[in-house]
Each structure stands twice: as C-alpha cells, then as structure tokens.
C-alpha cells in the first residue's frame, strides 16, 4: 500500500495541474472500494484546480466548488499524461481530462477510492484523522499522552490514523529501528524521552523517503511512471533473517496486528 511518502511524491507530481480546468471524466470500470459515481464526478467539469494537497494518505484536488478525494488503496496507481495518452490497459478505471493533461487511475485490486465532495470538511474519509506527522501538534508530549494508558504494542499505535496519520508499515518499522525500540513494546512503557526520539525519527524517516521518491516494492510508481528508491535504504523492512546493518544479528519477522513486522532483537528493546 502506498504510504505517506509515496502519496506526497505523487502529489508533488500533480501540482502542475493547478490552474487547469477539468474537461471530461471517462469511467471505464466503476468498481472500486466505493463505486465510481458518474453524476457526482461530472460536477467537476469546467472547474479549475485551485491546489493539489495531501491529507494522510489521501490526495486532494481542490477545485472551485468542491474537492476530489483519491485514495490509492493497496495497488492504485496514478499516471499523469501530458501530450499523448497511451492505449488503455487492463484495470485503467478512469481518466480525468484537463486542458493539456490526462490523469489516469489504474487499480488491479480495486481497494482505492475516488470521491467528489462539495463539503470536504465533513467527509467521513477525513473527519476522524489525527495530526500530520510534520505538524507541531505531533510532538513528544502529545504522543506520550496518547499512549500513556495503552498496553498495545507501540508499532500498532503509531500506525493508528487517529493518533498520527501516514505512518504505514514500512516507515513504522524503520522509525522504531532508528529509535532502538521494539515494535512489541507496550505503548505505556515508553518514556517521554523515547517519545521525543520516536517523533523525531518518524519525521526524519518520512522526509528521507520523500526525498528518495518513496519505496517501490510492488505496484508503486510516481505520477510520471518512475520508481522510488528508498527501499535500498531500509534497515529492517523486508529483511527477515538477513544480518542487521548495525550489529549483524539476524532481522526477525513477526506478525503484529495483521501486518508483518521487522526488527533487530539486539538493537531494539
């Protein structure tokens, strides 16, 4: 699943749509997490793009009268074509045509969603989300207060979008490694100092991943069709049984909250 760095990278690739107008929406396969609504999407036609933003793992195309919300799900991919649009491929669900551009959404597993709303602040997709990891609200004291009475493993807590958004499986594993904290450690066992280190490392890992264009593992490509390369910098994610890059202890893999978690049993306590 594309995580915050991947979605941020895609957002940056779509910013050039700002100022262009939606000409037409072509729906081929409406079956996604929520069926594509032709009548709702057609309301975008003629509207100019005011800005392209990201909230958590959602892309937001802010128009004059409403907002297009896009979530990539497990395997969604957005490609922006500028001149020629290639032949339609399997799983190309929808094209959104702008002046001089075509935004194409492809999704083999169909867990993504594309929703147009004129009341974005009331959207059930966004209303219960926690703070962005780069915002001042996400600070050591905030995190400590949120987890103080929670016996849940810390990895699951920092992946909870009600606590902080956008920290998916890859970057939770990497941030905890950088902080030398086991993903299995109960949240209420973390000190304020550890919370401070964890907040800092979450921000550092996410920013480094954004700078690298995200992690390309299976389906992810950016809006230009290019791969990210942060995966070559992973310390633990996807490295089960390989030696730790710091101490040479084999990386362990455990199942935690229906996710595969990777950590070094020597470096992380």
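Including glycine, each Cβ sits where the backbone N, Cα and C put it.
Sequence annotations record features per position, and here TrEMBL assigns active site, schiff-base intermediate with DNA to 2. For 3, 57, 259, the entry in TrEMBL reads active site, proton donor. Residues annotated as DNA binding site in TrEMBL: 91, 109, 150. The domain 'Formamidopyrimidine-DNA glycosylase catalytic' annotation in TrEMBL covers 2-112. The domain 'FPG-type' annotation in TrEMBL covers 235-269.
Here the candidates are the active-site residues 2, 3, 57, 259, and by Cα distance the one nearest residue 150 (DNA binding site) turns out to be 259.
Between the residue listed as 'active site, schiff-base intermediate with DNA' and residue 259 (active site, proton donor), the C-alpha separation comes to 15 Å. Ranking the recorded positions 57, 109, 150 by the number of CB atoms within 10 A of their own CB puts 57 at the top.
The two recorded residues, residue 109 (DNA binding site) and residue 259 (active site, proton donor), show a Cα separation of 18 Å. The maximum pairwise C-alpha distance among 91, 109, 150, the residues recorded as binding DNA, is 41 Å. When the domain 'Formamidopyrimidine-DNA glycosylase catalytic' (2-112) is classified with DSSP, helix, strand and coil residues number 21 helix, 44 strand, 46 coil.
Along the domain 'FPG-type' (235-269), the predicted structure has mean pLDDT 97.
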